[in-house]
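For reference, the structure discussed in these notes is given below.
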Amino acid sequence: MGCCKVPALIQAQVQMGLVNDNEHKGLFRRDSDSPQAKATSLMMEQGGSFSANFRDRSPNNTVLQSFKIVILSNKLNLLLPFGPLAILLHYLTDNKGWVFLLSLVGITPLAERLGYATEQLACYTGPTVGGLLNATFGNVTELIISIFALKNGMIRVVQLTLLGSILSNMLLVLGCAFFCGGLVFSRKEQVFDKGNAVVNSGLLLMAVMGLLFPAVLHYTHSEVHAGSSELSLSRFSSCIMLVAYAAYLFFQLKSQPSSYTPLTEEMNQNEETSDDDEDPEISKWEAIIWLSILTAWVSLLSGYLVDAIEGASVSWKIPISFISVILLPIVGNAAEHAGAIMFAMKDKLDLSLGVAIGSSIQISMFAVPFCVVIGWMMGAQMDLNFQLFETATLFITVIVVAFFIQEGTSNYFKGLMLILCYLIVAASFFVHEDPHQDDA
């Protein structure tokens, strides 16, 4: 198994200092006495990246070999035929429910392979470029779906899908990680870096603040210019949030790259050994080509998916808000869900938090304001007013998660509580009628 067969975001989290670098190295650790392992360790201590080792070991695969590595090596890719089947049904039948379901299933392996191709490409870049690649393409599925929805004027679908990704990562992904890790290590309390958790909670609260003020402005009817002040505030706040996220990346990568090293790194140094090969499996240009192909395929399927959302809602008699907040994010983040659980079961909670909380930060501080700016360019009135019910749900979720991670410890009971909280949220959206559903 190659160096990059871990969920998207892990490489970025290591490069940004969000997770323990020593824990990450544990995934690829060889015999500590080997010269190659010592050389790799020395590079990491000196602030180097994996790229220096990889540039001279670029594999020379044929087209068939590359296809086998990227497509045939993953069992999840058995779901790929559902994509073309969804397109076929779109033209042969009017059953939007089946088109939506098959498109959703067909996008699942593509999202995982996008993460794989991104990480393979990141192997050949420096830490800055690699971190930005993973931060951008880690949530590329959600971004593509959102852009297509914006193009179709479905602003509420965009807002609800992004909101659902944040809620899913903070409650379901983190809850499952805590629960599974707690069951495996039931006789001890798992620990993670409390400093990272506090900083991440602060960033999430800043994102909530950006979403809260436009909603409050709308519902208190205190706008200076009715109908325009709310939109102007949203666009201004989005630009500020993007600047804050860029500053955050710069701070992590350049200013103080070691400022968030976990205090309990010794607990994980002897936990995990691996025979994983450290070489990338495909070359740089192969990664670029596959990234382009996969992105184009996701874009194509996303168009049919978005087009079938309203029809699926009517056919299944399920609110659009439930489909957007619950169903879409679970499928789009399937690879990250599995990765977070896997690392928790190996007693690597910092990596699990890097997946769950790190992805929530990227969506709330980057994807949401980015969609507002893109909508601005497209002439769509996308704003940060997610409505009172949705904003309150996000605010309470961030507070609950902040309380659960403030101690820097986890167990199966905390995980169970987070999962149950997510079930309450899911049930709430199942019975919630969106007042702006007709405009979506």
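Cβ coordinates come from backbone N, Cα and C, glycine included.
In TrEMBL, annotation is done automatically, which means it is predicted and not curated.
Under the heading transmembrane segment, TrEMBL lists 76-92 (among others).
The transmembrane segment annotation in TrEMBL covers 98-116 (among others).
Per TrEMBL, domain 'Sodium/calcium exchanger membrane region' is recorded for 98-253 (among others).
The transmembrane segment annotation in TrEMBL covers 128-150 (among others).
What TrEMBL records for 162-185 (among others) is transmembrane segment. Listed by sequence, the residues of this chain that lie at least six past the ends of the transmembrane segment (162-185) yet keep a Cβ under 8 A from its Cβ atoms are 139, 142, 146, 204, 324-326, 328-330, 332-333, 336-337, 340-341, 343-345, 347, 349, 352-353, 355-357, 359-360, 363-364, 367-368, 371, 386, 390, 393-394, 397-398, 401, 410-419, 421-422, 425.
What TrEMBL records for 197-220 (among others) is transmembrane segment.
Taken from TrEMBL, the feature transmembrane segment covers 232-251 (among others).
Summarising the annotation, TrEMBL assigns transmembrane segment to 287-306 (among others).
Annotation comment: TrEMBL describes 288-429 (among others) as domain 'Sodium/calcium exchanger membrane region'.
According to TrEMBL, the transmembrane segment annotation covers 318-344 (among others).
Annotation source TrEMBL lists transmembrane segment at 351-378 (among others).
Within the chain carrying the transmembrane segment (384-405), a Cβ under 8 angstroms from the stretch's Cβ atoms is held by residues 159-160, 163, 166-167, 170-171, 174, 192, 194, 197, 201, 204-205, 208, 210-215, 217-219, 230, 233-234, 237-238, 325, 353, 357, 368-369, 372, 414, 417-418, 421, 425, 428, 432, 434-436, all 6 or more beyond its ends. TrEMBL lists 384-405 (among others) with the feature transmembrane segment.
Annotated transmembrane segment per TrEMBL: 412-431 (among others), in sequence order.
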Please indicate, using numbers and ranges, the residues of the same chain that are 6 or more beyond the transmembrane segment (197-220) and have a C-beta under 8 Å from a C-beta there.
18, 170, 229-230, 233-234, 237-238, 240-241, 244, 248, 260, 353, 357-358, 360-361, 364-365, 368-369, 383-388, 391, 394-395, 398, 401-402, 405-406, 408
When only pairs 6 or more apart in sequence are counted, do the transmembrane segment (76-92) and the transmembrane segment (232-251) reach 3 or more Cβ pairs under 8 Å?
no
Among 98-116, 232-251, 287-306, 318-344, which stretch has the most Cβ pairs under 8 Å to the transmembrane segment (351-378)?
232-251
Between 232-251, 287-306, 318-344, 412-431, who has the most Cβ pairs under 8 Å to the transmembrane segment (98-116)?
287-306
Quick check on the domain 'Sodium/calcium exchanger membrane region' (288-429): DSSP residue counts for helix, strand, coil, in that order please.
119 helix, 2 strand, 21 coil
